[in-house]
Structure formats: C-alpha cells, structure tokens
Amino acid sequence: MKKVVYPGSFDPITNGHLDIIERASKIFDEVIVVVLVNVDKNGLFHIEERVRLIEKVIKPYKNVKVESFDGLLINFMKERDTKVIIKGLRAFSDFEYEFQMALMNNKLDSSIETIFMMTNAQYSYLSSSSVKQVAKFGGCIKGLVPDDIIPDIMRKANK
Ligand code: PNS
C-alpha cells in the first residue's frame, strides 16, 4: 500500500492545498494530511480548528485523512510507518525553504523521501497568509478557500 504524508501548517487550508490533496489521492492509496507546528509562524487558528476545517473539505476523498502532531514530522512518520512526504511547490521562492526542509528531514532519517508536486497555475499566487489578510480586512475570499469554510475563516479573522 502506497501511503504519503502531506504536512503543513494549514492555517487555514486553501484551494491550493486541496488541489495537492486531490491530485495526491489519485496517485497514492492513502494520503495522511498532518497539521504540525511551524515554529517560524504565528498561527491564527488553533491546531484543532485547522484539523476541523480540513475534515470538512476532505470528505469527498475516501483515501484521505487528517491528523495533528506535536513534534518532529519524522517522528509522526515513524509512528504511522510511512516514508514519503509530499509538498506543493508554488514558485521558485518556495524552493529554497522546501529544499532545506527536505534535506533536514532526510538528514534526521535517511529512509524518508520528499517529493514535490507543482501547484496548479491558477493557485500559484495563493497562500494561507494572504487569505488571512484579505479576510481580516473584509475582502472576498471566494475561490481562494473551499466555500464550506469561508464563514469559519471570516468569523475567526474578524474576532
Ligand atoms: O505549511 P508550512 O508552514 O510550510 O509547513 C511547515 C511544517 C509544519 C511542515 C514544518 O515546519 C514542520 O515539519 N514542522 C514540524 C517540526 C519538524 O519536523 N521540523 C523539521 C523540519 S526542518
């Protein structure tokens, strides 16, 4: 069984993330989305809230599940007996950061491989940070995140 782990902050999940999830679900038998802490980012949503938003939008994909983990990604992978990480790449600017993380994870556990999937061009400009900014200042986030979670994001961003 080919399993892949899709890690990220997902603060919140965007249509760009969901596009990677959908495409990965067609390649792998099982996709495990895992919400982790990125120590370099201040979160808006609590980890459990991010998981709940993801749960809402992955319902159509029967081979996709979501979990959270407090710790190193490689330790989560060990617990789930998985070896492959998938990450989306939007632009050249993502490359250095993703390259560093992939090499660090491989340094920590040499059996771990990271594969990259190019973002769909229509989402190449999209990020969770820009969604939060637009939502905070009352802009329209339709088309940027799944429709089902727009009210949750607008509510949280304007608290
Ligand atoms: O969506 P992001 O913020 O680019 O995801 C980054 C994330 C959360 C996958 C990364 O920060 C992470 O793996 N955090 C858990 C701690 C860890 O394993 N760090 C080692 C890699 S440098």
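Even glycines carry a Cβ here, placed using N, Cα and C.
Annotations in TrEMBL come from automatic prediction, not curation.
Quick caveat, the model's predicted, so the values are computed rather than measured.
Some features that TrEMBL has for this protein:
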- SER9, LYS41, LEU73, LYS87: substrate binding site (BINDING)
- SER9, PHE10, HIS17, GLY88, LEU89, ARG90, GLU98, TYR123, SER124, TYR125, LEU126, SER127, SER128, SER129: ATP binding site (BINDING)
- 5-133: domain 'Cytidyltransferase-like' (DOMAIN)
- HIS17: site 'Transition state stabilizer' (SITE)
Cα-Cα distance linking LEU73 (substrate binding site) and SER128 (ATP binding site), given in Å to the nearest integer: 20
Of HIS17, LYS41, LYS87 (the binding-site residues), the residue whose Cβ has the fewest other Cβ atoms within 10 Å: LYS41
Length of the line joining the Cα atoms of LYS41 (substrate binding site) and LEU126 (ATP binding site), in Å: 17
LEU89 (ATP binding site) CB neighbourhood, other CB atoms within 10 A: 16
From binding-site residues HIS17, SER124, LEU126, the one whose Cα lies nearest LYS87 (substrate binding site): HIS17
Residues of the domain 'Cytidyltransferase-like' (5-133) by DSSP state, where helix covers H, G and I: 58 helix, 27 strand, 44 coil
Densest Cβ neighbourhood among SER9, SER124, SER128 (binding-site residues), 10 Å radius: SER128
GLU98 (ATP binding site): tally of other CB atoms within 10 A of its CB: 15
Where the C-beta lies under 6 angstroms from ligand 1, the matching binding-site residues among HIS17, LYS87, LEU89, GLU98, SER124, LEU126: none
Inter-residue C-alpha distance, LEU126 (ATP binding site) and SER9 (substrate binding site) (nearest angstrom): 14
Across the domain 'Cytidyltransferase-like' (5-133), average pLDDT on the 0 to 100 scale: 96
Substrate site span - longest C-alpha distance across SER9, LYS41, LEU73, LYS87, in Å: 18
